[in-house]
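Chemist: Reproduced below are the annotations present in TrEMBL:
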- 231: FAD binding site (BINDING)
- 335, 372: D-dopa binding site (BINDING)
- 49-383: domain 'FAD dependent oxidoreductase' (DOMAIN)
């Protein structure tokens, strides 16, 4: 028999949620809007923050900051630019599958973000974040042979018996998780920022990180600002950063009409997923091609995606032929991955001879490298992006 445990919802655990900054500190904007910020950061951080990147990470960081801060978001692409394939956020599947075989820091990162998203699902349905059942399969189990960390964290988690596992799968679980519609959630985030009144949006493509100084009001002390680098794939090319560990990974999905309400995911060589968006559509995927940035639709891959999805989901959930799908659109994009995992850390970047000659170095908080987990990680990045600016 599979293991099963029932828990209180993640944000209701008193040992995890506090007012001291250890877990989720004080709410900021309004009673049903629960972004948080670590209290130690408030007393020493300067009141001006510039965020480079307007994807889900950049917007979440901005929303975590108090309204007393002056925040500028500088980006080439902004919410509403849905024809641009140069950024990943609008094209995501936006599932929240726990990742295993990763570091303790990364696990804590996932937990923190998931707690916030649970709270949001319960308090603000307009965000599109909602609780769903997830059936997840792994071709390989945990590297140490122990039970995965999420068994004691995800709500209503149970291990599936061997008889329920598809061929080639060694581990499976059913649990409650979260999902959202990117086309709704991104606009929701931006709307929260516009309502707060302390955030300015600037459209500009940067060649060097120091060029953000040209986007600031004249009364801002440029020596005192903190930059948040939430550029995703752009971190590979942005002067002053140029992180060679960034890995661009092409994805291709199909958005189809379907009554499916359960999320199905398989991790491994036969990577595949079906993620309902809550509006009568489902995202079908299963493609991740590292170092491929071609955003044109590959017709042959559509057949491969459907083959994998049909092996993953109950028989008859989707037709056998691509031509018989009730297709809404084909979606392609490039995921902003990174060898070594998420980069969330502080750095002083010297900028002599670049941009404003009065500034010799920039204080930067890097927040990128989430790969296909951008939505799952984003809420934690808002919280921790503030705390590591100390």
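The backbone N, Cα and C atoms fix where each Cβ goes, glycine too.
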Chemist: For a quick check of packing: other C-beta atoms within 10 Å of the C-beta of residue 335 (D-dopa binding site), how many?
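Modeler: A count of 22.
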Chemist: Measure from the CA atom of residue 335 (D-dopa binding site) to the CA atom of residue 231 (FAD binding site) and give the result in Å, rounded to a whole number.
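Modeler: Rounded to a whole number, the Cα-Cα distance is 12 Å.
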Chemist: For the residue listed as 'FAD binding site', what is the secondary structure state per DSSP, taken as helix, strand or coil?
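Modeler: In three-state terms, the residue listed as 'FAD binding site' counts as coil.
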Chemist: Out of these binding-site residues, 231, 372, which one has the fewest other C-beta atoms within 10 Å of its own C-beta?
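Modeler: Fewest other Cβ atoms within 10 Å, among the binding-site residues 231, 372, is found for 372.
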Chemist: Average pLDDT across the domain 'FAD dependent oxidoreductase' (49-383)?
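Modeler: Mean per-residue confidence for the domain 'FAD dependent oxidoreductase' (49-383): 92 out of 100.
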Chemist: When DSSP is mapped onto helix/strand/coil, what comes out for residue 335 (D-dopa binding site)?
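Modeler: The three-state answer is strand.
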Chemist: Please report the three-state DSSP label of residue 372 (D-dopa binding site).
Modeler: helix
